[in-house]
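A.B. asks: Below you will find the structure I want to go over with you.
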């Protein structure tokens, strides 16, 4: 039964093909099954203490004066402690004033002096509230500074990590984990500053006051109540840790499922999988609900036990105080002082369980952040790295051997040179590692053997920013930010004017499209550019690259989503704007090779042919010529259909721009 339950939940969480599941059959797993499975999903176990200590290291600069590098933050921290001293002074002065007010009220001869102490009690409480409020304002400032700095450090670290990390992890899950961890660190900083530090000071000061004013019995009763309360709280909170962890894992799973389903909206519709996804999500929510109810039940036990311990301490002190008053050894004011101090100090204990639970939950959230921050980038500048010196843009692969894993080699002993200032096509069958070559040129990965040289300089010995700034890449799948059209076009560009943008967009047949939008170039492109077709996004990506002024341009299937008309315009625009740039273009549309200066044809067995397109196809005994013949045969029917479409379009009254966009969308869906 347990194995079957685990298998079902595995299918729910890992697979989307509902042929692998009983049709819409989702059974809620028992807690033992879920716990066993989800613990396997999350390796973060038995690390709570180490994590909590590391959290303290993270927030230490924001709670200890003169520990932070920023002098203003140090002054702010010191100021917060000053306000805490003032607030605590009035906090303890209040019960003492109340003691004398009660004593004077009980004495007929001194009753006239009681109003003064009653007024003093009110003033002390008001002053305490004022200074505590001022301190909380300062703590909020410190907390936001800490959150900003930690978020910035995490963001910088994520951008430094190489693709092997980002492609090996779920980006949605990473974002969710980091967001939760950052909030957890902020919460922990607040709890330390606002609760634990004042809590410790209250324990020390209350012990002194009770020992001095009420004697050793009340002092010991106070300590025993404190100790019993804390022991009970920590013991039961620790026993609830597994249940809380399971609840958080279900929460993460529900969030991930919702995000993934909405981002794959069209797939859900195309495969009529609404019921499947609803039942899948409902099953997770059911598990989350059951675990939450169980956690609330144990929380109620915790709160009841805390109040029971609290009541024992207060009752024993009242009995002792009544006995002392009867003997004439204590006054009524002493009992009020004793109980007031006990109530004021024990009141924060009600929040101790909450605070400790938050720390326990934070340990679960923050372990993932620490794991990310401990990940070292595999690709880094060497200690003696120097700046790149551009000398024309020649690129050389020297004895390159590379594979994304050690057991699968993609490129083996490759020796290829791309001449400077040339437009070169890189062609061959799929799976040869052509896109991988671009990744190696940009140094997203390092080869296991050999060197990649740009203008005779090994890129391993160069500062990455210095040579990457000279390279621009147009990927096969264009990536757009959810920003304006203009911002996407100018991304990475420097000192470009609006006239430059419009000139490039006109050459790529984009200007009229943008001007037809509600806000022109200031129109938002939508998430992942979903307001545009695949061909339009591809042209925007090419325009962005041409505006970048990079000296080396890498084009990976730059026209794969374009119709023949826009394809020709794009190629001519690249030809006009390329000047002396080095361009390497991967393409399976072999007729585009007529635009280039040179073709490099690669095969899986390491064979290479290099030359001008027109020369290679004339030599009938070459592999490239056979590759070309196969392309012409396969492309013949498509060419005829394009011609028919174009003739029909010329008779249609609708604007040509709109038809091209529709055709690009149709071609994108067919591909």
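The backbone N, Cα and C atoms fix where each Cβ goes, and this holds for glycine too.
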A.B. asks: For the feature transmembrane segment as recorded in TrEMBL, pick the matching range from 181-198, 199-216, 217-234.
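C.D. replies: TrEMBL lists transmembrane segment for residues 217-234.
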A.B. asks: Have a look at 114-131, 132-149, 150-167 and point to the one annotated transmembrane segment in TrEMBL.
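C.D. replies: My reading of TrEMBL: the transmembrane segment range is 114-131.
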A.B. asks: Looking at 81-102, 235-256, 257-278, which one is transmembrane segment according to TrEMBL?
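C.D. replies: The listed stretch tagged transmembrane segment in TrEMBL is 81-102.
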